Amino acid sequence: MDLQNQMKKAVAQAAVDQIQNGMILGLGSGSTAALMIEALAIKIKSGEIKDVVGVTTSFQGEVLASELGIPLKSLSSVSEIDLAIDGADEVNPKFQLIKGGGACHVQEKLVAALAKKFIVVVDSTKLVEKLNLDFKLPVEVLPSAWKQVQKTLINLGGEGNLRMAQKKAGPIVTDQGNLILDLTFRNGIDKPELLESQINNIPGVLENGLFVNLTDEVLVGKVESDVVGVESLKKI
């Protein structure tokens, strides 16, 4: 196992260690979240964790959790989530995130917003000083509106292109049946909170991948002297 995967596994385990019996859990999407789901399943099977139920943020996560025997509920059937654990594509020092590399950010944001505590689990490569310099900001749009939204985003200073599928002809289609515009700002994102609101106010936009004022804790996997460890970051 390479160092990056070791970091992901360590940080996923650290997050699972915070889970208590009887919790309703938000189970995130992506490679690190998948490791967290696997670690949770092991603890449930051993009896170390009991009476928990998960709410997944993607079809991928639902399939994995079901296969591993984790009890699940739909998002619409819960009014509150005790603890949500998810990864991120970028994290800045203020715990503001870009998510949506897996095109699941709408459900991910809904789950994070319902959570009493939202923990983000990442390896050290996801830490940045400024968002959007390296990773594009996903914006989920109605299929009939993507051209109009694309033009409006230009007025905000962003260049957005449809995310194309890798193993089928045409664009990526989300779990909600929508399209994704991946957005780049030449100098990165200066004011994430303002931009999140501006983008979501565009007609035809369902949600964007900026997560602002949602994250309670960031657990990061790090390597020092070839030893893998986990650090809980402090918000600036």
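Using N, Cα and C of the backbone, Cβ positions are placed for all residues, glycine too.
Per Swiss-Prot, the substrate site holds S29, G30, S31, T32, D86, G87, A88, D89, K99, G100, G101, G102; the candidate it also names there, chosen from K50, K126, K130, K147, is K126. Summarising the substrate site geometry, the residues cited as binding it (S29, G30, S31, T32, D86, G87, A88, D89, K99, G100, G101, G102, K126) extend over a maximum Cα to Cα distance of 15 Å. Excluding S29, G30, S31, T32, D86, G87, A88, D89, K99, G100, G101, G102, K126 themselves, the residues of that chain whose CB lies within 8 A of the CB mean position for the substrate site are, in sequence, G28, A33, E108. Using a 10 Å Cβ-Cβ cutoff, S31 (substrate binding site) registers 15 neighbours.
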